[in-house]
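These come from TrEMBL:
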- Cys43, Cys46, Cys80, Cys83: Zn(2+) binding site (BINDING)
- 111-141: coiled coil (COILED)
- 203-212: compositional bias 'Basic and acidic residues' (COMPBIAS)
- 203-225: region 'Disordered' (REGION)
Amino acid sequence: MGERKNLNKYYPPDFYPKKIHRIKKPKNQQKKIRFMLPVRVRCNTCGNYMSEGTKFNCRQEDVITETYLGIKIHRFYIKCTKCLAELTIKTDPKNHSYTVESGASCLYNGHEDIEEEKEKKKKHENALESLENRTVVSKREIEVMASLDELKSMKSRRASLSVDYMLEDLSRRKKQEEENVEEELLIKSIKFGKRIRTDEEKKKNYEAFDEKKKKKKKPKKRDSGTVCIISKKKTGLESLYHNYDNDSDDE
């Protein structure tokens with residue numbers, strides 16, 4: 001049983017492994033393997049559709065000139081099931097998928113959907129950043145519109161102005177400046193402090209005071225027909241004394 005299964009091998013005593021000549025294989029040697037289509041493909045010659053998962057006897061080789069981060073890229077040669085045209089498919093380690101090189105066109109690429117999903121996730125995650133960017137853009141637009149309105153108003157003002165109007169405006173400004181300078185000089189010339197009355201002002205004040213006194217001393221004229229009698233109420237000891245005098249007179 002052991003000899004038939006080749007589990008044990010006999011090595012003679014004069015065996016020397018370096019004497020065995022090894023065949024040098026080429027680097028891009030092709031291998032025959034069983035291959036399954038990873039994507040749906042359409043043949044360019046006959047238009048035949050080959051669905052994902054169809055099996056082929058294909059040839060495999062390594063792409064010598066291309067690598068991705070030290071990872072080898074493999075190429076597969078298959079034949080169309082209808083017209084037997086040769087198709088080539090290559091691995092794509094960057095996007096974790098396969099690419100059709102020649103002979104057919106790929107109808108679906110998984111890496112494209114993966115990229116779209118990643119972009120959607122980034123958009124959802126960066127929703128706040130997108131809002132900030134929108135606000136910044138809107139602010140810039142508002143500032144630009146405001147600056148344009150200012151420029152338009154300036155142009156309209158300059159168009160309405162004339163040389164005569166400008167000269168009149170300059171002359172008015174010069175007159176106003178001269179008047180302001182004169183007022184400032186006048187204010188500086190005035191000395192503010194306690195006012196000293198002169199002799200004439202004192203005499204006038206005395207005369208006015210005497211006239212007021214004379215008016216107060218003059219009696220008021222009374223009417224002959226009317227007589228006003230004012231009786232004062234007597235209170236306390238004065239009322240008792242008055243009553244006592246009346247009683248003595250009666251006796």
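Using N, Cα and C of the backbone, Cβ positions are placed for all residues, glycine too.
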Under 8 Å by Cβ from Cys46 (Zn(2+) binding site), same chain, sequence gap 6 or more: Cys80, Lys82, Cys83, Ala85
Cβ-centroid neighbourhood (8 Å) of the Zn(2+) site, Cys43, Cys46, Cys80, Cys83 excluded: Asn44, Thr45, Gly47, Asn48, Thr81, Lys82, Leu84, Ala85
Surrounding CB atoms that lie within 10 Å of the CB of Cys43 (Zn(2+) binding site), all protein chains: 20
